[in-house]
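S.K.: Below you will find the structure I want to go over with you.
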Amino acid sequence: MDTLLTIVKYITDSLGAMVIMPLFLIVLGLAFRMKPLKAFRSGLLVGIGFQGINLIIGLLGNAVSPAATALAEKVGLNFNIIDVGFPTVGAAAWATPIAALVIPIAILINVIMITLKLTKTLNIDIWNMFHFILAGGIAYLISGSIAVGLVVSAIFSIITLLLADWDSKTWQEYFGLEGTSCSTLATMTSAICSCIVNKIIDLIPGIRDFDINPAKINKLKGIGDPMFLGFFIGIVLSLLGGLPLDKVLNTGVGIAAAMVLLPRMVSLLMEGLAPISRAASDFTKKKLKGRTLLIGMDCALGIGDPTVIAASTIMIPFAVLLAVLLPGNGFLPIVSLTGLTYFCVPAAAYSKGNLFRTIVTMLIFYTLHIYVINAICPLVTGLATWAGVDLPAGASLIAGGNPEHAFLLLIKPILSIFGLAG
C-alpha cells in the first residue's frame, strides 16, 4: 500500500498536470493509431500550453493579490476561518489510508462505464481526481471506515463522468473544443448553477435582453480590445483598494498581460489536442461502431476566453464584498481568489459570453460557495488536525473544498441511521 501511495503521489504531485496529461495524450494518440511523432508533438504542445497557462495564472494572481489584500484590510473585520489554500488541505487528504487506492479505482470505474455505455467521457484529468481523495478522506474521518471512504470517492468519480457528459454540448459549442468534455468536478457545480440561473434570466423581460459581450465589443476595436479591458479593470480594482500609483499601474499591466497571453496559451493547447480528438473520432467510428468518445479534460482549456478573464477579475472585489455582507459568514477569501477563474469557465459558457449574466451567475454561485465553506470547515479542519498538518498560527478553523462537498454533511446522519457513524 505504501508503495502504491508513493507511486500515485509521485504521478500527481511531482509530475503534475502539465506532464501527466501530455503523457496520457501521447499514449492515447498511439492507441488511436496516430504516428508516434505526431502523437508526441500533440502531447508536448498540450504540456507547453498547460505550463503557459499555469505561469499566466500565477501572473494574474500576483497582479490582483495586492488589490485583494488591500480591500480586505480596508474592510477591517475579523474572520475565524483561515483561507489556507490547496497545499494544506492536499497534505491532509493524502495522509488518509484511502489515498493510494482512489485514483486506480476511479480509472477502473471509468473503463467499466465506457464499456457498459454508461458514459462517453474518458477522463484523463488525473490531477483533479484529488477532489475524489478529499471527499473520500473526509468520509473516512467521519465514519472511521476505509470502505465508506472508498465508496464516497467512487460516487464522486461517477458523478463527475455523468456531469461531464451532460455539460459536453455547451462546453464544445462555446469553447470550440470538439471531441472533449470538462471533467473537473470542482467546476461542475458552477455549471449546474449557471444553467439554472440563465434559464431564470430568460424568463425576465428586459433583463434577458441585456448583453455585455467582450468578444462582440472587441469587434469595435479601441477600448473593447481585451488588452485595454484588462488594463481598465486592473486600474479600477487597484483604486478601490487604495493602492499607490505604482501598484495601480502594475496591476493594470499585469491583468492586461493575462488577457492577451492566456488565449494564446490555450490556442497552443488546442493545437495539440485537435489531432488527438480527430484520431479518437476516427478510431471510435471504426472500432466502436460509431460511438462517440469524449476526452475528459481540465477546465483550464476555457480560461483564455475574454469573458472568463474579465468576469474572474471583476469578481475579486465582489467576492470580498460578499464575504463582508453575508450574515453568519466567518470566511474571507484571499488565497483562493485566483480560483474564481476556473469557476467562471462554465458561467461564461452557459451565459454565451454575456458578461452581465456571467457576473450575476457568479454572485449567486459564490454566495453558495461561501456558505458551503462555512458548513464544511469543521470537517476540513478535523481532517487536517487528524493528519497532523501544521496550521497557521492562531487558526481554529481552515477553509477547503467546493460546493459539491456539501453532500459530505449527509454522511454522518445516513450512517447514524444504520449505527455505523464513527
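Numbers run from 1 along the shown chain.
Backbone N, Cα and C atoms are what each Cβ position is placed from, and that goes for glycine too.
Annotations in TrEMBL come from automatic prediction, not curation.
Annotated domain 'PTS EIIC type-2' per TrEMBL: 9-422, in sequence order. According to TrEMBL, the feature transmembrane segment maps to 15-32, 44-71, 91-116, 137-164, 184-205, 226-245, 251-274, 295-325, 331-351, 363-385.
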S.K.: On the 0 to 100 scale, where does the mean pLDDT of the domain 'PTS EIIC type-2' (9-422) fall?
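M.R.: So the average pLDDT across the domain 'PTS EIIC type-2' (9-422) works out to 82.
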S.K.: Answer yes if the transmembrane segment (251-274) and the transmembrane segment (363-385) have at least three CB pairs under 8 Å among residue pairs 6 or more apart in sequence, and no otherwise.
M.R.: no
S.K.: Looking at the stretches 44-71, 91-116, 137-164, 184-205, 295-325, which one shares the most CB pairs under 8 Å with the transmembrane segment (331-351)?
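M.R.: Answer, by Cβ pair count: 295-325.
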S.K.: Counting only CB pairs under 8 A, let me know which of 91-116, 184-205, 295-325 has the most with the transmembrane segment (226-245).
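M.R.: By Cβ pairs under 8 Å, 295-325 leads among 91-116, 184-205, 295-325.
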S.K.: Residues of the same chain, at least six outside the transmembrane segment (295-325), with any C-beta under 8 angstroms of its C-beta?
M.R.: 17, 21, 25, 28, 50, 53, 57, 60, 64, 67-68, 71-72, 75, 77, 79, 121-125, 127-128, 161, 164, 171, 174-175, 177, 179-184, 186-187, 213-215, 218, 226, 229-230, 233-234, 237, 240-241, 255, 258-259, 262-267, 269-270, 273, 276-277, 280, 331-333, 337, 340-349, 351, 353-355, 358-359, 362-363, 366-367, 370
S.K.: Taking the transmembrane segment (137-164) as the reference, which of 44-71, 91-116, 184-205, 363-385 gives the largest number of Cβ pairs under 8 angstroms?
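M.R.: Looking only at 44-71, 91-116, 184-205, 363-385, the most contacts with the transmembrane segment (137-164) come from 91-116.
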S.K.: Same chain, outside the transmembrane segment (44-71) by at least 6, Cβ under 8 Å from its Cβ: which residues?
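M.R.: For the transmembrane segment (44-71), the nonlocal Cβ contacts are 17-19, 21-22, 25, 234, 237-238, 240-243, 247, 250-251, 253-255, 257-258, 261-262, 264-273, 298, 300, 303-304, 309, 313, 316-317, 320, 334, 337-338, 341.
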